[in-house]
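Per TrEMBL, the features are:
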TRANSMEM  6-24  transmembrane segment
DOMAIN    15-459  domain 'Amine oxidase'
BINDING   S16, V245, E435  FAD binding site
TRANSMEM  188-207  transmembrane segment
BINDING   F352  substrate binding site
Amino acid sequence: MTAEIWDVIIVGAGLSGLSAAHLLRKRNAKLKILILEGKDRVGGRTVSTEIPAASGVDHWDMGGQWVGSTQTHILELIKELGLETFPQFNVGKKVHHMGGPGAKVRTYRTSIPALSPVVLMDLTQILWKIGRLCATVCVEDPSRTPNAVELDSMTLHSYIEQHAWTAELKEEMGLCSRSVFGMEPSQMSFLFFLMYAAAAGGVLQLLESAPGSAQELKIKGGTQQLSQCLADRVGWKNVRLGSAVTAIWQDAEWAKVTTTTNTFLCRAVIVTSPPHLAAKIHYQPALPSQREFLTQNMPVGHMIKFIITYQTAFWKEKGFSGEIVAGSSSECPFCVTFDATSPSGNAALVGFIAAQQASRWSSEEGGERRKAVFSSLVKYLGPEAASFLHYEEKDWAKEDYSGGCPVNVMAPGLLTYYHPSLRKPCGRIHWAGTETATLWCGYMSGAVQAGQRAALEVLAELCPMALTQEEQEAMQHSQTIKGAAKQTASSKLVYQFTKKTMVIATLAIGAALLLAQNQNALLKVKTYLTKGF
């Protein structure tokens, strides 16, 4: 059978792939573009589902759901597609439970939990240190970061063990890792963590729902609309679902892309699959060894996301925001929850079971897992939590052509030796996907940025006149990066925070009675204040 001929074939109909197709189509409407997707839907790691609710049914996101006001690429797309956002509700008391099932359950209203003076000082000093390191990271090429080899030789866990003074803060940092990456701190390079945080503007931006942070806004109607609207504009006739790519061959003239049922010829390919899935495609000739080694050693996070609908938002009536932060324990499966009330007013909570907890609880029967979730919610929010309308969950590790979420991470040693292969084209093959982004890597905005960057690379080869002078210069710059990235405006927020908190914490820790309870921490505080200033 004669192979169909296209100009560009895109592997993956998620946000990155469809953003690439959209830009290609806008710049040159004559280009023949084909998008191949293994799933039976578009959207990749975004999927919106109708769930029974107080008013009947409503839409909730079972995958990626948040955007932020500093995520320019996704916000521009939302505006172009005529969609709307609404803020994440965060008013009221937040629940904080760390230290095991028997520890005291606390509440707080600020962005930082009600920590003891010693732990607050510990948090301040480690944010200060990490903030300084983030400001030196070259996101485009982390190997150019000062002391890159040393930073990449350790895990996030080993850095925390060396620099955190208290067991409480070490537990807090573990929870942060699980909620952001779906990974334990021992599973990723510390330099990768710094790069990821720097791409977002700082560590706090990854964790908060405040303006400029990752959990600031949601999209009315759900995030899968983004991909569906893009497919409308690209043309559904150019999107083939249930067409998983199994092999890509290329020579001096053509690339040949094969699925289980068809073969296609094209002049350029954009692969947007997550690295662990891109590694399963057979390439001929074989990809450079650095690229192969990189993608075969980028594990993906593990998250189980659940949505629970209620007749009323009882937590708001009781003065709670719906946000719960819980440490890893044998009783509570989830690490964090948020209010998920829809724009139409249907009450709901969203929560995440992540990393080691996800691995453990995914092996339990669904009924046992749900029972443990509600038992914990009753403990934290009251008996009303047991009177729900519907419970819906999604284990992303079991999703075909995803195999996990929210992002692939890098183990120690990969960034300094293999990172350039992440974005570097291999002949006619170009790479996209949120993992390849330099702004908000790992998020929907990063997926859009990466897709647009790959599209510009293809345009530079097939029809360079479609690029602006600024875009041509930007692409040349990206290929010859010099020096480390400068401190960003958002990373300065970390310094403003730490300066204020440093004063408060230092005054509080001046109470000798409190410090006497932790002589080891006192010694470290004295050492830090002597050397750090």
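Heads up, the Cβ atoms here are built off N, Cα and C, so glycines get one too.
Proximity of E435 (FAD binding site) to non-local residues of its own chain (separation of 6 or more, Cβ distance below 8 Å) is seen for P274, P275, M298, V407, N408, L422, C441, G442, G446, A450, given in sequence order. Across the structure, V245 (FAD binding site) and F352 (substrate binding site) place their CA atoms 31 angstrom apart. When the binding-site residues S16, V245, F352 are compared by the number of other C-beta atoms lying within 10 angstroms of their own C-beta, F352 comes out lowest. Cα separation, S16 (FAD binding site) to the residue listed as 'substrate binding site', rounded: 24 Å.
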